[in-house]
Amino acid sequence: MTAKMAASIVEHGEDAFRKLFKFYKRRSSPPDFSEVINFSKPCSEKFLLYSKVFPCELNSSSLNEENVSKAGFIFISNPFLPGAQQFWVKQCLKIYPQKPNVCNLDMHMSSVETENIWEKSKDIIRRKGSVARQPKTLLEKLRWVTLGYHYDWNSKTYSSEKYTAFPEELHLLSHKVAAACGFSGFKAEAGILNYYKADSSLGIHVDESELDHTRPLLSFSFGQTAVFLLGGTKREDCPTAMFMQSGDLMVMSGASRLLYHAVPCIVPAPSGQALPPELALKLETEVQDDDIIQSVSDVDWEVCSCYLQTSRVNMTVRQVLASGQSFPSTQIAQTSEKSEEDTLKSKKRKNESGSACID
Ligand SMILES: O=C(O)CCC(=O)C(=O)O
Ligand SMILES: [Mn+2]
């Protein structure tokens, strides 16, 4: 069965998004990926047949008002300079899981146990190639990390109480990317980092917890390729499937900011070529001490590349509040007054759809 057929046969009570999600998520045998758009093969490919898609050079002259308003969902194929991806991968694996940031392991482990995730895992990950079947390291058990305003998965809210400083270098990157897409003054206030294994998926959801939806949501992907599904405002709308490869960026803005989306699967890497060659590239120029991007040492990169052989890391960066806005004071009362029944319902929903939580 092809993806098109799968989407068209919608059984009673099942929406088109769920149907396609299940089509790509199936684990029995690899699905047919021929309908998935590959933006890194520009122009010649079938994506030009989609009237919804138009290619555009990202430079100041392309940023006229017409283009900015026409482009809600912006896909930027790996814009990173050689060597820069290594820096961001190292931040995701070595730096951002550190306290005071919050991660899934904190939900059931003490802060002493979740200290130094990188240090406790690195040597085992480096040696793993030769030693099969070992217990998982903390780094391999990492599923998500939150930054800035720490997202509360149960209440689906951000609050001023759960805030720690947002990493400056990631704010600068996000601010630059947003500005290049026509959104000046973007403030990176919350980040959700997702860590995917070969069999992970991210359920169908809409990111609506941020209070200002006029600001874009930025997404950065590293490591293994994923299939990303972008749907409509209703679950019945048939989604578009696209590959997200290492270094690719997505900007969800305008009308696309509140669309359903999901990651049904990680694409099996072709044998003998687990990592894209550009990830092996080192920075080409000498770095100065005050440069944002620093080079990654060979030992650190060895750990990162072993980890990425079978994994994908995605960072989403969000502006939560409009400029000058603060959290409504009632939100705290509402959240704590939430009945047990509501909490149970929300947990159930989270389990059913995965709702932005990796399974
Ligand atoms: O992993 C991805 O590409 C999507 C992540 C996402 O949708 C989210 O964190 O809300
Ligand atoms: Mn999302």
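Here the Cβ of each residue, glycine as well, is placed from N, Cα and C on the backbone.
Positions annotated as domain 'Fe2OG dioxygenase' by TrEMBL: 187-321. Within the model, the domain 'Fe2OG dioxygenase' (187-321) shows a mean pLDDT value of 95, rounded to a whole number.
DSSP assigns ASP207 (Fe cation binding site) to coil in the three-state reduction, placing it in neither a helix nor a strand. Summarising the annotation, TrEMBL assigns Fe cation binding site to HIS205, ASP207, HIS261.
As annotated by TrEMBL, region 'Disordered' applies to 331-359.
Ranking the binding-site residues HIS205, HIS261 by how many other Cβ atoms lie within 10 angstroms of each Cβ puts HIS205 at the bottom. For the domain 'Fe2OG dioxygenase' (187-321), the DSSP-based tally of helix, strand and coil residues reads 20 helix, 45 strand, 70 coil.
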